[in-house]
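Beneath this line is the structure, given in structure tokens, with notes to follow.
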Ligand SMILES: N[C@@H](CCC[C@H](N)C(=O)O)C(=O)O
């Protein structure tokens, strides 16, 4: 049974098990990821992050420096994801606390490309890079290109699909509904369903630049926060409200805390806290 060092961390209670693989010797199977993420039989987390160099990641983008530290991210069900916004800050905290990165600003590799991380106060800001409407057809430009059925809503709700490196479908709740009335124990049904699935965000607007949201994450289920989801939710709300150049800074409240989103043209950045809370050694099942 292989034994690995792990660190447990979270960003606004989106929690991760980080596994050190500094020399690229470890191969994590989907069963290993499922075990590490299991809250009863394993360590417990929404996702698992292998800390390794880009050269050790078979499906890393070819244009990333092979020596750059790479956030090799897996959802709790074992599926690989292109990006994790909250994960980038927790990964950054790990690199700094383990002496693998330093300075107020540095870069990391992800399946969605290189991301710049800046130290901001006690937390970090991540330049998530370019965002786009997933379909960019007339329906998307008008603000709705999909419908979502979710337990707790009597009717199918219109939604907008965005690409933040990973896929998102954002739903604005009608004024008659509260976020708390949704039942996210079961997966929302998205039509049309993107081929690779999607993360689904439900949004309540509070005022200029301020929203709250709940999220059902692809490969996980409901989580207490999703960073790329917060960015998608802010972008969709900005899109629906007419894309004012005066409303580019957003506060996004999630069940696990508060995130900041800054829209900068076709780029978007995400800021928030990151905490490492435990470490240890664990034997993998396989
Ligand atoms: N929680 C993350 C997103 C993790 C990946 C997502 N479930 C997917 O499959 O795309 C975040 O903070 O962005």
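Any Cβ shown, glycine's included, is placed from N, Cα and C.
Annotated features in TrEMBL:
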- 14, 75, 85, 86, 166, 199, 217, 218, 227, 228: substrate binding site (BINDING)
- 84: active site (ACT_SITE)
- 84: active site, proton donor (ACT_SITE)
- 226: active site, proton acceptor (ACT_SITE)
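Location within the structure of each feature annotated in TrEMBL.
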residue: 14; record: substrate binding site; Cβ contacts under 8 Å, 6 or more apart: 46, 47, 84, 86, 87, 223, 224, 225, 226, 227, 256
residue: 85; record: substrate binding site; Cβ contacts under 8 Å, 6 or more apart: 126, 128, 164, 226, 227, 228, 229, 230, 231, 270
residue: 166; record: substrate binding site; Cβ contacts under 8 Å, 6 or more apart: 81, 82, 83, 84, 112, 199, 218, 228
residue: 217; record: substrate binding site; Cβ contacts under 8 Å, 6 or more apart: 46, 75, 199, 223, 226, 229
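Of the listed active-site residues, namely 84, 226, the sparsest Cβ surroundings within 10 Å are found at 84. Within 8 A of the CB centroid of the substrate site residues 14, 75, 85, 86, 166, 199, 217, 218, 227, 228, the other residues of that chain are 47, 81, 83, 84, 87, 215, 223, 226, 229.
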